[in-house]
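Engineer: What TrEMBL records for Gly506, Ala508, Val509, Asn513, Ser781, Asn813, Asp881 is Na(+) binding site. The compositional bias 'Basic residues' annotation in TrEMBL covers 1-10. What TrEMBL records for 11-21 is compositional bias 'Basic and acidic residues'. Residues annotated as compositional bias 'Polar residues' in TrEMBL: 474-483. As annotated by TrEMBL, disulfide bond applies to Cys611-Cys620. Per TrEMBL, the feature region 'Disordered' maps to 1-23, 466-490. Per TrEMBL, the feature transmembrane segment maps to 31-51, 72-92, 144-164, 289-308, 365-389, 530-551, 572-599, 698-716, 725-746, 774-795, 807-832, 852-876 (among others).
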Amino acid sequence: MDTTRKRTLNKPKDKADKASTDDNTATSKTAVFFTLFFTSWIFVIVEKCITGNWSILTVPRFPNYINSYIDIKTFVILTGWFGLQCILYMLPVGGESVDGLQIKDSRKRLKYRLNAFFVLTVNIIGFFIALLSGIRVTSVSDKLLQLTTSGVLLILLFSIVLYLRACKSGKTGNSFNNWFNGVELNPRWGLFDLKYVCFRSGIIGWILMNFINIAKAFDKGDRPSVTLLIVAGFQLLYVADYFWFEDGILVSRDIVHEHLGYNLLVQFLMIPFCFAVQTRYLMMTKYELPWYCLLAVSILNLIGYWIYRGSNSEKNNFRKNPDDPQFANYEVIPTSTGKNLLVSGWWGLCRHPNYLGDLIISMTYALPTGFSCFLPYLNPLFLFVMLVGRERTDGDECKYNHSFFKIHILAHDNTPLLLENSINLQVLWKSIRPAARCVVSDTDQILKRLLTYKYKMDKMTEAAKEFNDDESSSSDGCSTVSENSDENKERGNWTRKMDFWLSLVGYAVGLGNIWRFPYLCYKSGGGAFLIPYTIFLFLCGVPLFFLEVSFGQFASLSPITIWRICPLFKGTGIGMAIVSGMCCLYYNVLIAWTLYFLFMSMRTVLPWSTCGNDWNTEHCFVKDKDSSTSFKHNQTVTNFTNSKYSLLQQSSVLINNSSLMNSSSILKHNYTSPSEEFWEKHVLQITDGIDNMGELRWQLFLCLLGSWILVFLCLCKGVKSSGKVVYITATFPYLVLLILLVRGVTLPGAVDGLKWYLIPKWEKLATFQVWGDAAVQIFYSVGMAWGGLITLSSYNKFNNNCYRQAMMVPLMNCGTSVFAGLVIFSIIGFMAHETGVEIDEAIKQGPGLVFVAYPAALAKLPISPLWAVLFFLMLLSVGLDTQSVCV
């Protein structure tokens with residue numbers, strides 16, 4: 001009996017030991033992998049910075065001899081500089097000693113000396129003194145590989161010392177994991193804190209590396225670009241502010257929660273080599289951003305800084321003195337530690353707006369480098385992944401410890417169960433209190449007490465739901481709801497009626513209004529096309545629009561579940577979802593193309609305006625008036641403007657007596673415009689067949705990722721967030737269209753374009769094709785039977801007056817189409833006037849209009865980058881509105 005029991009008890013133990021061994025093996029492999037990966041990746045970045053080969057797709061070429069990696073003098077200089085940072089930290093000058101937060105491994109508070117701003121100032125002054133003294137500080141840039149190797153050796157040395165220190169103190173476990181992730185939170189020798197010093201030293205080294213890159217630009221005999229100085233200024237401002245409010249560092253996750261090992265040492269001490277990539281790139285490429293783009297990036301940086309500083313200051317002030325009168329009206333919730341958590345103000349607006357500020361600021365470091373290289377964007381990408389992961393971790397901790405709750409109850413089988421839900425603590429307590437045997441006088445202590453009443457989990461959840469329903473009703477028992485509250489607690493409602501109205505406008509007004517309607521109007525009889533278009537608008541558009549909106553508002557259900565009213569038509573809802581899903585896939589690709597064109601517009605010279613680019617072929621030709629005259633007898637064709645590879649440089653083309661050919665005919669058959677080659681050869685990189693897939697376009701991949709991120713940000717809080725976004729995205733296109741129209745009608749040739757657009761061709765009305773196109777355009781533009789109208793209206797309150805909205809939105813949609821046609825044809829007429837071709841040769845539809853013809857026309861305008869940025873911002877706003885509803 002005893003033997004059997006012993007075997008039974010030992011069996012789970014053996015399994016546990018085996019599982020523990022497997023976990024340790026997996027942890028060791030992970031630690032070894034990331035150790036090699038981090039180290040290798042840092043050397044890859046440094047190699048790109050040294051050679052100037054910025055493409056991450058090319059294999060790095062490292063030197064073969066050891067002297068290129070290890071230099072004793074460089075190692076001594078780096079070690080001496082780090083020792084200087086340690087000494088400056090210990091000096092009782094430049095700041096006071098304060099207590100940090102209580103660390104989680106013990107109950108004590110560690111003291112820190114807050115003199116980082118003073119140390120940063122000393123380093124900057126020392127740099128300029130060395131520079132003015134004739135010391136060649138730029139030699140650091142020449143020995144970047146040796147400096148990186150020295151930094152890695154220093155990190156390895158610190159990691160080994162920390163590991164031996166942990167072993168000596170008896171803290172054992174997985175060896176590789178202890179070495180990689182560390183064992184001690186804050187390894188110290190007296191007041192000296194190694195983690196804090198390494199963290200400060202890495203950030204200070206980042207700024208010094210930027211100054212070295214600027215000095216290197218002077219060494220080359222050129223003045224550093226304004227873009228380089230602005231980016232370096234952005235980073236200096238961030239670091240100076242970070243150190244000025246140094247007490248905020250003491251409550252950061254790295255200092256309070258992360259153990260110090262190889263992983264964290266790499267993140268700290270490799271900052272100068274990874275975060276200075278942008279200034280290094282600008283120094284080597286001499287890239288200069290247009291002034292208006294620099295202004296836009298500067299404004300974006302200030303917005304990010306405003307969010308970053310405002311949220312962090314409020315959080316730090318609350319932690320210092322939660323009883324401050326400025327927090328009297330702020331909302332707080334109790335925590336299990338006895339403290340209060342701030343959930344309103346800046347901190348409650350986005351919950352983690354400091355992360356949002358960091359992300360915006362990091363993007364302003366990379367945007368000025370342009371979009372021809374991916375490497376400067378690695379830092380924002382890494383920061384995005386790290387901060388989003390950290391935000392999710394913080395959110396889970398808050399869910400477990402603060403605003404969410406955990407209550408132990410005993411079921412009928414006496415098994416402890418853990419109920420976790422998002423219902424407010426007081427709501428749950430009021431729901432279960434009448435049935436509970438124990439009474440807790442202070443509801444704030446409920447997390448610390450064990451409810452022993454045998455109450456089933458489903459019954460308690462039901463009681464909490466009933467309590468929420470009771471709270472939604474008024475005190476006299478009526479079911480009326482206040483104007484600002486939600487009728488539908490599960491799905492929510494629009495905050496304001498204007499949110500719904502603008503969302504409808506944004507959904508109905510899409511890319512089809514801009515790139516499809518003007519072409520159909522021109523092809524189908526000009527102004528005469530408006531007759532069948534208006535007829536179908538009132539016969540089909542307005543009634544069906546009103547039907548879908550009222551149907552969705554009545555049911556408050558999605559396009560699939562709404563067909564419970566008649567299960568026979570359930571397939572209709574599924575079909576709507578499938579069509580919308582297919583639309584989402586290609587629509588986001590269009591947004592990604594728009595983003596790419598928007599970024600490429602931020603240049604002094606638009607890349608699709610000339611033929612002197614890497615992607616242009618020998619057939620590239622910039623058309624103008626002079627090159628469109630007819631070629632006469634024995635005339636030598638030699639003046640092909642801006643052609644990169646002129647075939648006529650080696651031989652002349654003679655025109656025989658019997659034939660007269662004009663240049664437009666030659667161009668039509670032999671040559672392509674730079675905008676067309678930019679679209680096909682550079683953006684899409686179209687191959688010769690489906691069997692040749694081509695290479696991955698990482699620029700378009702990032703733009704596609706960015707477009708999905710934009711859609712996510714618009715929808716992250718449901719109608720509460722999308723209802724705010726449409727105030728910009730639904731109104732901004734009208735402002736841009738108005739600006740472009742005013743500019744377009746003042747250009748030469750605009751009148752001719754408008755005549756082609758508006759003059760009726762009555763004979764076209766006799767063709768069936770025109771009436772079919774008008775009907776299809778109504779359904780395509782207004783968006784009936786796609787499920788979007790049902791989705792938007794399902795968030796309305798039951799008594800909302802949707803009749804007036806259903807009348808106005810289709811009319812606005814059609815008016816927008818006509819208005820956009822005026823803008824398009826005024827610019828197309830100008831382009832035809834400038835190039836000397838007929839308007840019917842210049843007009844196109846679909847992507848050919850917005851990505852080929854229209855960019856080519858914008859390139860002819862004065863200050864063309866400004867108009868290009870406005871145009872593609874308009875397309876982005878229009879696309880995001882429709883895409884958000886489809887998703």
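The backbone N, Cα and C atoms fix where each Cβ goes, and this holds for glycine too.
Each of these features: where is it, how hidden is it, and who are its neighbours?
Structural biologist: If you take the C-beta of Asn513 (Na(+) binding site) and look for same-chain residues 6 or more apart in sequence within under 8 angstroms, you find Ser781, Asn813, Thr816, Ser817, Ala820, Val878.
The number of other Cβ atoms within 10 Å of the Cβ belonging to Cys611 (disulfide bond), over all protein chains shown, comes to 26.
Long-range contacts of the transmembrane segment (31-51) within the same chain, counting only residues at least 6 positions beyond its ends with a Cβ under 8 Å from a Cβ of the stretch, are 60-62, 144-145, 148, 152, 174, 176-177, 179-181, 262-263, 266, 270, 273-274, 277, 280-281, 284, 375, 378.
Residues 226-227, 230, 234, 237-238, 241, 346, 353-354, 356-361, 363-364, 367-368, 370, 602-604, 865-866, 869 of the same chain, all 6+ positions outside the transmembrane segment (289-308), place their C-beta atoms under 8 angstroms from a C-beta of that stretch.
Long-range contacts of the transmembrane segment (365-389) within the same chain, counting only residues at least 6 positions beyond its ends with a Cβ under 8 Å from a Cβ of the stretch, are 45, 48, 54-56, 227, 230-231, 234-235, 274-275, 277-278, 281-282, 287, 289, 293-294, 297, 300, 355, 358-359, 596, 599-600, 602-603, 698-699, 702.
Residues 504, 521, 562, 765, 770-771, 774-775, 777-779, 782, 784-785, 789-790, 792-793, 802-803, 805-807, 809-811, 814, 818 of the same chain lie 6+ residues outside the transmembrane segment (530-551) yet bring a C-beta within less than 8 angstroms of a C-beta in it.
If one looks beyond the transmembrane segment (572-599) by at least 6 residues along the same chain, the residues whose Cβ comes under 8 Å of a Cβ in the stretch are 370-371, 511, 558-563, 683, 699-700, 703-704, 706-708, 710-711, 785-788, 790, 847, 851, 855, 868-869, 872-873, 875-876, 879-880, 882-883, 886-887.
Through the fold, the transmembrane segment (725-746) approaches residues 498-499, 502-503, 505-506, 509, 714, 754, 816, 819-820, 822-823, 826-827, 830, 861, 867, 870-871, 873-874, 877-878, 880-881, 884 of its own chain, all at least 6 residues removed from its boundaries and within a Cβ separation under 8 Å.
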Engineer: Can you check which residues sit near Ala508 (Na(+) binding site), meaning Cβ under 8 Å from its Cβ, same chain, 6 or more apart in sequence, and list them in order?
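Structural biologist: Listed in sequence order, they are Ser781, Val782, Gly783, Val809, Pro810, Met812, Asn813.
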Engineer: Let me spell it out: take the transmembrane segment (807-832), skip the flanking residues so only those 6+ beyond its ends count, and list any with a Cβ under 8 Å from a Cβ in it.
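Structural biologist: Same-chain contacts beyond the ends: 501, 504-505, 508-509, 513-514, 517-518, 521-522, 530, 533-534, 537, 541-542, 545-546, 734, 737, 740-741, 744-745, 747-754, 756-757, 781-782, 838-839, 841-843, 849, 853-854, 856-858, 860-861.
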Engineer: Let me know how many other Cβ atoms fall within 10 Å of the Cβ of Cys620 (disulfide bond).
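Structural biologist: Step by step: centre on the Cβ of Cys620 (disulfide bond), count other Cβ atoms within 10 Å, giving 25.
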Engineer: Are there residues at least six beyond either end of the transmembrane segment (698-716) with Cβ under 8 Å to its Cβ atoms? List them, or say none.
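Structural biologist: Same-chain contacts beyond the flanks: 56-57, 371, 374, 377, 588-589, 591-593, 595-596, 599, 683, 722, 725, 880, 883-884, 887.
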Engineer: For Val509 (Na(+) binding site), write down the residues of its own chain that are at least 6 apart in sequence and whose Cβ falls under 8 Å from its Cβ; none is a fine answer.
Structural biologist: Ala730, Pro733, Met812, Asn813, Thr816, Val878, Asp881
Engineer: Using Cβ atoms and a strict cutoff of less than 8 Å, what residues sit near the transmembrane segment (852-876) while being 6 or more residues removed from its termini?
Structural biologist: 290, 292-293, 511, 514, 591, 594-595, 597-598, 601-606, 608-609, 673-676, 678-679, 732-733, 736-737, 739-740, 743, 747, 824, 827-828, 830-831, 834, 842-844
Engineer: Fill in the CA-CA distance, Gly506 (Na(+) binding site) to Cys611 (disulfide bond), as an integer in Å.
Structural biologist: 37
Engineer: Determine which residues of this chain, when Gly506, Ala508, Val509, Asn513, Ser781, Asn813, Asp881 are set aside, have a Cβ within 8 Å of the centroid of the Na(+) site's Cβ atoms, and list them as they appear in the sequence.
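Structural biologist: Neighbours found: Val505, Tyr507, Gly510, Val782, Gly783, Met812, Thr816, Val878, Thr882.
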Engineer: Determine the Cβ neighbour count for Ser781 (Na(+) binding site): the number of other Cβ atoms within 10 Å of its Cβ.
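Structural biologist: Step by step: centre on the Cβ of Ser781 (Na(+) binding site), count other Cβ atoms within 10 Å, giving 24.
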